[in-house]
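Contents: one structure, followed by commentary.
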């Protein structure tokens, strides 16, 4: 999701905030905004999100709406709500954002206050999505006229539908030569049971029908917020970001009551107390209004120092009125589901890099972090992420922000170990995996996490995709032909461990880029998994160990030893590379000792001296091998882990 150096403010912090204080608006302009908000009753509020697959035009449509309502100038902004560099480069949304708009509807002669809450679409950030939807009365279901319904659209539709949002189907990119509007309408009707006549056709790029049809539909079809101004104040914490000047900034939806600058509030989940230092709306940047009331979506600066204290889904309430304020339902702590080891490529850089990693974790409350030490790679960290995309985004941010070079181990997922005595243990590092003796005597079952994967693809690639899913231990649960044009929706139960092994890249490859994917966690299931280790002269290289299904270990083990052999230079002694699982060696490669001619300077007839030198060389090689100090360059680990 991103490409501009100027927009770097919401997700991390060693940069200058893009979600900045709105210095550009003079005090009179801010007073005018405050007065305009005061004059709009809650029944004229409209809060909505946009549900869309990647590249279906969500950011462009957001820009167009902001232009048409006068929030930004025409043509001067691109992807205003995608504030992270990674968001612009990848075309994804990572953090929830909001922007307030004023719209004068000439049909009614009234002003309306509209809050657009931009949400992440990827499953890794589903926590932000569900909290964003909870702030809204409706959503635009955006579908690309040239691509039709895609997996992410389907997954987010069901989430929005389950939260009782009023859905408005919108077909975008109708100006394209290859747009198939009729097909898109058929898919929307067949997949989501939304009538064709409710569909609005637009071009976000040109603005066609956005002002004429879409804005009036938002006013007419999306219901206003249902909160009560007279009840005790409570707000839903939708998202947060860190600002190097003011600390944590909270994105909130005011469910009931009113909150003002200077008010003292408390958190339902942490019990911590804060004083509101600044409060206002995003227009599109931070615009202080001094007050937020029922139904509004805006920001507060509570003087919070650590992002870890900003818990998505938390309830904020007035200090001293906690007993009479009902906590909002649905709060869940985010659970890391993908773990990697991270080590500096240069061990001497650990201290400096440690500061960088901790700074980024400060800005992303959903990353778990703990120090760990590898016998091969030295000091490093074990990082936990919401999913594989989250891990990828974090790594990219670290490299973009600091130019830091890390050795990142292969991603692993958590495994649940169930013991005969009834207790359970969740492991996140292959080093913690029980050995063969423990598994035989104490372990009742080992479980791995599963997901329900939703894929949409052209029918011609169905065979390839089914073969890929079967190869990755998938179990087909549903197949639906979306329409007569050949689009198919597949549902598979897949092990999460297979998904993080670049399943999406393989899916794109076998479908020539036409397949789309989304998934949802469905819990743990019993599995026959084992730990595969790489040994160098009998010593395990801990950083390279992986947990995988027993059916894969021989194939992967053979590939490992062949690949790692390419990156180890010949030593003065023989180097044996082995793959081991269940205490058995399943593959082996040998690097012959580098021969040194110790006889070069001897006279040809000096036979006894020759024998003595050869015996001495043999003893020396035996000693080196027994010590096992094989010299392995860090580049070898990096190259091997890029497999």
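A Cβ is built for glycine as well, from the same backbone N, Cα and C atoms used for every other residue.
Listed in Swiss-Prot:
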type    : residues                : note
TRANSIT : 1-18                    : transit peptide
DOMAIN  : 43-226                  : domain 'tr-type G'
BINDING : 52-59, 118-122, 172-175 : GTP binding site
Segment confidence, the domain 'tr-type G' (43-226), expressed as mean pLDDT: 85
Least buried by Cβ count (within 10 Å) of the binding-site residues 55, 58, 174: 55
For residue 119 (GTP binding site), the three-state class that DSSP assigns: coil
Residue 58 (GTP binding site) in three-state DSSP notation: helix
Neighbour tally for residue 52 (GTP binding site), based on other Cβ positions within 10 Å of its Cβ: 26
Cβ atoms near residue 119 (GTP binding site) (within 10 Å, other residues, all chains): 31
